[in-house]
Protein chains: 2
Amino acid sequence: MKHFLIIAHKAHTADDFSLNDLPGSAGRMDILCRCVNSALFLSHDLRRDVQIHLLLLGEPDPGRVIKFDGETVRYLNPDERSSGSLIKKALDKDSSDFEIRSTPGVTVRDANLSTLLSEFKQQGCSLYYLLEDGKEIREETLPRGDMVFILGDHNGVTEEEEAEIEKAGAIKLNIGPISLHSDHCITILHNELDRREKEY
Amino acid sequence: MKHFLIIAHKAHTADDFSLNDLPGSAGRMDILCRCVNSALFLSHDLRRDVQIHLLLLGEPDPGRVIKFDGETVRYLNPDERSSGSLIKKALDKDSSDFEIRSTPGVTVRDANLSTLLSEFKQQGCSLYYLLEDGKEIREETLPRGDMVFILGDHNGVTEEEEAEIEKAGAIKLNIGPISLHSDHCITILHNELDRREKEY
């Protein structure tokens, strides 16, 4: 399984935003919508072995996690409005520490970065953190087991978050010479993983 | 200069569509919006050395070309609705064989694939065509001069178009083992080009 964890500092945590204004009233929710697309879509198919975890840290209820599961997700189309609509439906659910299914393959719960990182570690996942001064991905040996790739939003991650990610043992990875949007990073990561899998 | 040419068979060629329904009433215009994003956006910057040419072949006026120029484009944000809005403004202009500027850095004119290909050739561009049985990009020597990358939409390209592209001397390129959306292909192409430029 490949996991993507996106830390979204401004993403709104209630469903009272307009699908016509995902960047504004929803707190750059458009970034998350594009990440869902990059993580899950193939041409005429979905990546069944992928889960994407959106950590929403905006108002009014910071610390909600929406998970899309490539194996079971339904009603998802590639456009931003489609994933935005499923995110909105998930945020309509009441706050809970337990996962609540909002639509097939989409769940929501309350959690923070620390909880997510320890869960991934307990599951035996290898953690990677995308950073410009990280190790060059093309020269890095990647495990065949479960992997988690951690990415920030348009403002990156905070110093506290970075310290927490490093403490969890995440390896810093670099995917190219230029700083890119998170969804573009996911696409490039997938391409590298696709090539490795073909070689196995 | 890097050019991307996207052939969009269903993309609507008048401005009478809703920004709330880019996939439906606008004929999968969402694909083109994501291609504009992938072609032009860096993190907190734009790719100034890129032009993307959208060949719209849907009804009611098939054969309109909208060009986004990374050097001069304005009012463009990363979300689909933003590029969709600029496309809509371009389609509001009257049909003309000459380029008409609709907003800064965005022009529209009437043209077909044949015209575009001969213009690129006259400008001395190297033509590449993305295809699964093409040459592996990581093993291919790419020129430092102007390049054009030709991509289809969700239905690829027709046999006639493929014949025309091959006749124009385009080299078939492959960017990975799995068939991907056009916007994802653009991101992967850029990553390879970024790496080459860093090495120069």
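Note that Cβ sites are derived from N, Cα and C of the backbone, with glycine treated the same way.
Under the heading S-adenosyl-L-methionine binding site, TrEMBL lists B:Leu130, B:Gly152, B:Cys185.
Overlay of TrEMBL feature records on the structure.
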residue	record	DSSP class
B:Leu130	S-adenosyl-L-methionine binding site	strand
B:Gly152	S-adenosyl-L-methionine binding site	coil
B:Cys185	S-adenosyl-L-methionine binding site	helix
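Counting only residues at least six positions away in the same chain, the Cβ atoms of B:Ile6, B:Ile7, B:Leu130, B:Glu161, B:Ser182 sit under 8 Å from the Cβ of B:Gly152 (S-adenosyl-L-methionine binding site). Same-chain neighbours of the S-adenosyl-L-methionine site beyond B:Leu130, B:Gly152, B:Cys185, judged by a C-beta within 8 angstroms of the site's C-beta center, are, in sequence order, B:Tyr129, B:Leu131, B:Phe149, B:Ile150, B:Leu151, B:Gly156, B:Ser182. Sequence-distant neighbours of B:Cys185 (S-adenosyl-L-methionine binding site): residues of the same chain at least 6 apart with a C-beta under 8 Å from its C-beta are B:Leu130, B:Leu151, B:Ile175. Largest CA to CA distance in the S-adenosyl-L-methionine binding set (B:Leu130, B:Gly152, B:Cys185): 11 Å, whole number.
Within 10 Å of the C-beta atom of B:Leu130 (S-adenosyl-L-methionine binding site) sit 24 other C-beta atoms, taking all shown protein chains into account.
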